[in-house]
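**Student:** Feature list, courtesy of TrEMBL:
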ACT_SITE  84  active site, proton donor
BINDING   71, 72, 73, 74, 75, 76, 77  substrate binding site
BINDING   82, 129, 132  Zn(2+) binding site
DOMAIN    30-171  domain 'CMP/dCMP-type deaminase'
């Protein structure tokens with residue numbers, strides 16, 4: 001078995017790195033900057049008195065909305081909820097209003113995700129845990145980019161399919177489409 005090669009650590013301060021990331025993953029510079037800002041800001045809402053490991057997440061929808069979450073620990077560790085799953089639960093249970101008096105929601109089948117961002121205080125950047133990768137798989141297309149920001153100016157990006165190869169999803173249970181999709 002071969003050891004996977006970690007993704008390169010890029011810099012948000014490098015115009016070339018950000019431009020390449022945006023082009024590769026079909027993100028605008030504003031969307032990239034918003035993902036970084038919102039994921040890092042969400043990290044500030046972390047409830048992590050036991051591990052002191054703060055995590056923030058931001059989901060970018062195809063309608064340019066950002067939905068955030070932070071990790072919420074519990075003295076009984078299995079009850080802890082990761083930032084990514086907090087953001088996903090908020091997204092699935094929220095209706096977002098658009099400027100044209102229309103709305104999008106998971107229940108209506110018109111809420112789709114374009115990118116996921118995760119921010120921690122460590123370097124190199126941390127990837128979502130296995131449980132969160134599976135949760136993201138439930139609601140996002142395998143092509144969705146996962147942008148992982150560290151505590152400074154570093155970041156890495158991988159598609160969900162690269163973080164969760166040979167994944168198990170709804171189609172394995174005979175459900176071909178649950179509203180998931182990219183841009």
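Heads up, the Cβ atoms here are built off N, Cα and C, so glycines get one too.
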**Student:** Of the recorded positions 82, 84, 129, 132, which one sits closest to residue 74 (substrate binding site) when you measure Cα to Cα?
**Tutor:** 82
**Student:** Just give the helix, strand and coil counts over the domain 'CMP/dCMP-type deaminase' (30-171), going by DSSP.
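**Tutor:** DSSP composition of the domain 'CMP/dCMP-type deaminase' (30-171): 43 helix, 40 strand, 59 coil.
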**Student:** Name, in the order they occur in the sequence, the residues of the same chain whose CB lies under 8 A from the CB of residue 73 (substrate binding site) and which sit 6 or more residues away.
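**Tutor:** Correct list: 47, 48, 49, 50, 51, 80.
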**Student:** In the structure shown, with every protein chain counted, which of the binding-site residues 72, 75, 82, 129, 132 has the densest set of Cβ atoms within 10 angstroms of its Cβ?
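**Tutor:** Of 72, 75, 82, 129, 132, the one with the most crowded Cβ is 132.
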**Student:** Residue 132 (Zn(2+) binding site) to residue 75 (substrate binding site): how many Å between their Cα atoms?
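**Tutor:** Residue 132 (Zn(2+) binding site) and residue 75 (substrate binding site) have their Cα atoms 20 Å apart.
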**Student:** For the Zn(2+) site (82, 129, 132), what does the 8 A shell look like? I mean other same-chain residues with CB within 8 A of the CB centroid.
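**Tutor:** Once 82, 129, 132 are set aside, the remaining close residues are 55, 83, 84, 85, 128, 130, 131, 133, 135.
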**Student:** Take every residue in the domain 'CMP/dCMP-type deaminase' (30-171), average their pLDDT values, and give the whole-number result.
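**Tutor:** Averaged over the domain 'CMP/dCMP-type deaminase' (30-171), the predicted model reaches a pLDDT of 95.
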**Student:** Considering the binding-site residues 71, 74, 76, which residue's Cβ sits among the greatest number of other Cβ atoms within 10 Å?
**Tutor:** 71
**Student:** Select the closest residue to residue 82 (Zn(2+) binding site) from the following binding-site residues, measuring between CA atoms: 71, 72, 75, 76.
**Tutor:** 71
**Student:** Checking the contact step here: among the recorded positions 71, 72, 75, 76, 77, 84, which have a Cα within 10 Å of the Cα of residue 129 (Zn(2+) binding site)?
**Tutor:** 84
